[in-house]
Amino acid sequence: SLSAGLDLPGRFLFAILTLMTLIANVVFVEEAVYIYRKIPSSKRLIIIWINAAAPVIATTSCIGMWIPRSTMFTDFTAAVFFAIVIHKFLLMMIKECGGQKLLLRRFENGHFKISTGPCCCCCLCLPHVRITRRTLFWLKLGTFQFAFLRPVLMFLSIVLWTNGNYTFYNLSPKGAAIWISCFVGVLTIIALWPVAIMFQQVRTLLICKKIIPKFALYQFILILNHLQAAIINILAMQRIIRCAPPLSSSARGAYMTQQLLIMEMFLITLISRVVYRRRYDDLEPPECTSEEAGDNKEAP
């Protein structure tokens, strides 16, 4: 077994990381109970989904760390879950504005700035798009396509893997992995674009809802779960991460990714509890910050 092949420092590290995963899940359960009791039902499920991203990734990484053969399934599960979280985050921003009708009323004559990342941050000449029900539909569709197609591609990858046609580290043009990975990358970029467009529009309005730290946490999870893992995988494939028998370079890279993710998602879970720990009332007016400052001055 895996534990039998570990030395004392290795067992201690595995025990600490497993404890971190358990604490992250306990913190999330406690936060979910708080959200269920204190937050209106229209926002409850969406916020619980977003808060669950870090504990779920930590749990899948912990399972992959203890059971190396399950790494492909745990990685895909975490990726699919976060694909849904991307869609939920867009819906949360709309909900925090009081819902779609109130958002359209507030930005009746407003325009979306579409020259933003990750697609068009350099295309400053792009025209601004008017905020209408149709443009909101296209933004929702942009994130929903990833939440729908990612599980489909996961299922296809597992079918090809069982048939021996899919190997994650085989990036030759004749293999299926390179084509599926490129397609997933394009879908990911398309899904991230609507979230960035909406955030640019509502960040001033929702500053009293702590939307900036929430968006930062969402971005951290995205970067750590995708970009960090991709960089480590590339280093392992290039043998920059050396093998250490009985572990190959790719296996060591997978272990490094899982162990880093557990520690990072543990910290993000604790920070998320602080950021999301507040009552969610109906949206305050845009001047809520100045009003709160005035109230604080009058209080003494």
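Glycine residues also receive a Cβ, built from the backbone N, Cα and C atoms like all the rest.
Automated prediction, rather than curation, is the source of TrEMBL annotations.
As given in TrEMBL:
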type: TRANSMEM; residues: 12-34; note: transmembrane segment
type: TRANSMEM; residues: 46-67; note: transmembrane segment
type: TRANSMEM; residues: 73-94; note: transmembrane segment
type: TRANSMEM; residues: 137-161; note: transmembrane segment
type: TRANSMEM; residues: 176-195; note: transmembrane segment
type: TRANSMEM; residues: 215-236; note: transmembrane segment
type: TRANSMEM; residues: 256-276; note: transmembrane segment
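Count of Cβ pairs under 8 Å against the transmembrane segment (73-94): among 12-34, 46-67, 176-195, 215-236, 256-276, the largest is for 46-67. Highlighted: of the candidate stretches 12-34, 46-67, 137-161, 215-236, 256-276, 137-161 has the greatest count of Cβ pairs under 8 Å to the transmembrane segment (176-195). Most Cβ pairs under 8 A with the transmembrane segment (215-236) among the ranges 46-67, 137-161, 256-276 are made by 256-276.
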